[in-house]
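Peer 1: OK, TrEMBL features for this one:
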type: DOMAIN; residues: 85-118; note: domain 'RING-type'
type: REPEAT; residues: 214-247; note: repeat 'TPR'
type: DOMAIN; residues: 360-397; note: domain 'RING-type'
type: DOMAIN; residues: 439-650; note: domain 'Lon N-terminal'
type: REGION; residues: 653-676; note: region 'Disordered'
type: COMPBIAS; residues: 666-676; note: compositional bias 'Basic and acidic residues'
Ligand SMILES: [Zn+2]
Ligand SMILES: [Zn+2]
Ligand SMILES: [Zn+2]
Ligand SMILES: [Zn+2]
């Protein structure tokens, strides 16, 4: 294989060798086979010449190029400078913040379908980030001015006025000499004007300025290829692909250049074909007798570039060129990999930044966890949520935000957060502190938030449809602070005043489905029971201090008797459920699940056996009875109450239909259910 020879050439990395063998294999093996055959029975000359031609023909080259680029693609993961567009690595002149929270400039985003940072799809509509656009113009005034002039230059170039475009780029570069986008544009226009040397100078300066910007290498490669410096061009293209694995534009250029590199003059093709070069590859036994090979016929122009003694056939020449190229490519990639600094970072001059740049129009404070809407407006996430509880539109421009509301991913605009932390660290720290204090006041409050709606039971599912603004806020806070809230039924006092019941159940949020109108569907499961000890209010919703209640311990001597009662009530309950209509059963199973299995230690549980709560949830009991049974700490009383109800049904089976009201209202619609 190739390894036997590689020692004579140069020190190759193991990888480069392995890759070379792969490339070599499918580049030359086919031709070699053809050649072997030709020795046995001379094929028609046309086949032979096709075989030779195809060796460096477009098809073969495309394969070699594809394999080579595949092996380098994405080898370098560039650390891009902070506070820059991830695509052009420069100021986001026209910043667009995507739903994933990442920001890039509009022209850059127009060329991609996925977010360059997280690969989330780019939405059809994404307006310019208004707040950030103003900030960019203020923080980077000269760079913005240069970017504006560049746009004019680009337009001139598109309308075929390269000279005038060049003037614009020159002007802009005087304002922002570090703008690599301008250098890239100027290198391009200079090449079009056939000012090759100046063009190459710009390209070289460009890759020095931004050594981790893939497009710079693409531009340099294009210029080098144009100048006939194929090997250097191939190097540039390779680094481009190593930095940006999706650089599709580079692939055809690389292939074309590789073809020219491997076969620099068209004359060599005709020479070989006409002389009918023996097509024995260098690894065959024949390579020991170089005299068999017409090395004198090989194009002198090519061979002079290499060590003549090492090359005995055209194959070895071609393969050696490829081998050396691979070495250089991997050497260059290794060098580029070691670059940690992707060029001078964009600096925001502190004196140009003030806290107003980061102000939330809703709370008039420094933005905290800023989110940007599809219409390009930025608010604190919490401020926007509270506005949206009342109206599904953007508070500034009234654009409907139903899509934003329906998505669970409301990502922070990281550009603004990073900029704030970097430029105004004190403001950032004090805003963080303020937020933590507010959150800890809520979390440390002795009160639990109360959703006033229905009686829930321990272990039993209690789905909820949340639509009232105050409850939306309450649920968001509950999610932020452990995912629990209290559920209590709404009861009427004698004087007509509504208040919540004395007994209730804590609910644990298991899942939340956000709807595009800002409402949500919660899946909850009942946890501990409580008794209300004091009532209060917070931002429009009820709160309470509660005491958890548990069943009284069962005296040991009483256990056999209680077990008898328990077993009989349970089987009566199962019978009752079994006698129910199919349709009703399905409804119940969908909302509450199947009857829970009996726990072995049911008598020792704080809330007793779960099946009893499940049955209580589906039995059509009056509200006061439900609350009373929930509040009792005596398992015997609870079982007897269930037994009594079941017996009542056994006596009058027609009553079973009234169960439906309980099952159908499985999804509680907030408090409105109890108000009607
Ligand atoms: Zn950009
Ligand atoms: Zn993203
Ligand atoms: Zn705010
Ligand atoms: Zn808006």
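Including glycine, each Cβ sits where the backbone N, Cα and C put it.
TrEMBL: automatically predicted annotations, no manual curation.
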Peer 1: Could you tell me how many residues in the domain 'RING-type' (360-397) are helical, how many are strand and how many are coil under DSSP?
Peer 2: 8 helix, 8 strand, 22 coil
Peer 1: Six or more residues beyond either end and a Cβ under 8 Å away: which residues meet both conditions relative to the domain 'RING-type' (85-118)?
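Peer 2: Same-chain residues near the domain 'RING-type' (85-118) but 6 or more away: 126-129, 132-133, 136, 140, 143-144, 147-148, 179-181, 210, 212-213, 215, 342-343, 346, 371-372, 374, 376, 378, 404, 407, 409, 411-415.
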Peer 1: Restricting to the same chain and to residues at least six past its boundaries, which positions have a Cβ under 8 Å from a Cβ of the repeat 'TPR' (214-247)?
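Peer 2: That would be 68-69, 72-76, 78, 88, 180, 184, 187-188, 191, 196, 199-200, 203-204, 206-207, 253-254, 256-258, 260-261, 264, 325, 328-329, 332-333, 336.
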Peer 1: Kindly report the helix/strand/coil residue split of the repeat 'TPR' (214-247) according to DSSP, in that order.
Peer 2: 27 helix, 0 strand, 7 coil
Peer 1: By DSSP assignment, list the helix, strand and coil residue numbers for the domain 'RING-type' (85-118), in that order.
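Peer 2: Split into helix, strand and coil, the domain 'RING-type' (85-118) gives 5 helix, 7 strand, 22 coil.
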